[in-house]
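Asker: Mind having a look at this structure? Questions to follow.
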């Protein structure tokens, strides 16, 4: 274990001999649950490679999300971290993680809980806090995320980045996470790419996003139907769109409502039916955006212009921001059914899609 090499110096940390991950799975009769979209990574060379993408972890504080049987956990501990916080929702994995904790005395804290509700504001010591403009703190989030939780979780954390709260109360905390290959491609897609999406804009306007490498599906147990991307995030000192998260998300979501149509079709959904066309034209002209571009063709600066112009319109008419296009459609549908008129028009293609 940790031995004194010389006064005031600590030798490199080495885990004692332990059962393999496969043996742990057999020992505790662990089985990946399909309903939780669990997939185990047993190859320690791959778990080491994931951990290496996080950067220098010696003496760092790390939070691992969903450690499961503990493959990545071993690689994190072998990197010489100061403290490792494990957040695991599935109680079946806790005994195996406790075995790892005993093998690394004083280094591991296990929380049986859900990362979507866990309060990260108090997860790390206060002395690690850095100013936002400084280098990132010595804090890292690492996780092989279940596919079912990866997208809602990264959206939640991007909102935390925007508001500088949650795990980002300590500064520009870095994240190294796994996603389905397609989601990884969306997170890093450039303008014009068919993978360009709402996720591309929300991630790239707040972070430097790097698609590190792809893990083939057959490396996991059970084998998922898709390959897996390892993605690294470093929050930017200045977001590329300097507007509240909720406003950016509303504009970006609206633009991508109809990704195969001209972008003005999605932008129309920001406005009530009464005066919709006029306000859409006003927004596009103020933002200097060609209404016949497709959503995936828009650059980050064009999204910034749209958000800034929409913010100005909302400041002039606060009722605009709370307007909900789907709710307007729902009300129209209810009115139609109440009237019960056979002459009422069929739903439009857009209404069906929404």
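Heads up, the Cβ atoms here are built off N, Cα and C, so glycines get one too.
Copied straight from TrEMBL:
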- 39, 41, 66, 88, 114, 144: S-adenosyl-L-methionine binding site (BINDING)
- 46-237: domain 'Ribosomal RNA adenine methylase transferase N-terminal' (DOMAIN)
- 335-354: region 'Disordered' (REGION)
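Set these features in their place in the structure for me.
Answerer: In the structure as shown, the Cβ atom of residue 144 (S-adenosyl-L-methionine binding site) sits within 10 Å of 26 other Cβ atoms.
Mean pLDDT, taken over the domain 'Ribosomal RNA adenine methylase transferase N-terminal' (46-237), works out to 95 on the 0 to 100 scale.
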Asker: Just report the maximum Cα pair distance in Å for the recorded S-adenosyl-L-methionine binders 39, 41, 66, 88, 114, 144, no decimals.
Answerer: 21
Asker: By Cβ count within 10 Å, point out the most packed of the binding-site residues listed: 88, 114.
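Answerer: The most densely surrounded of these binding-site residues is 88.
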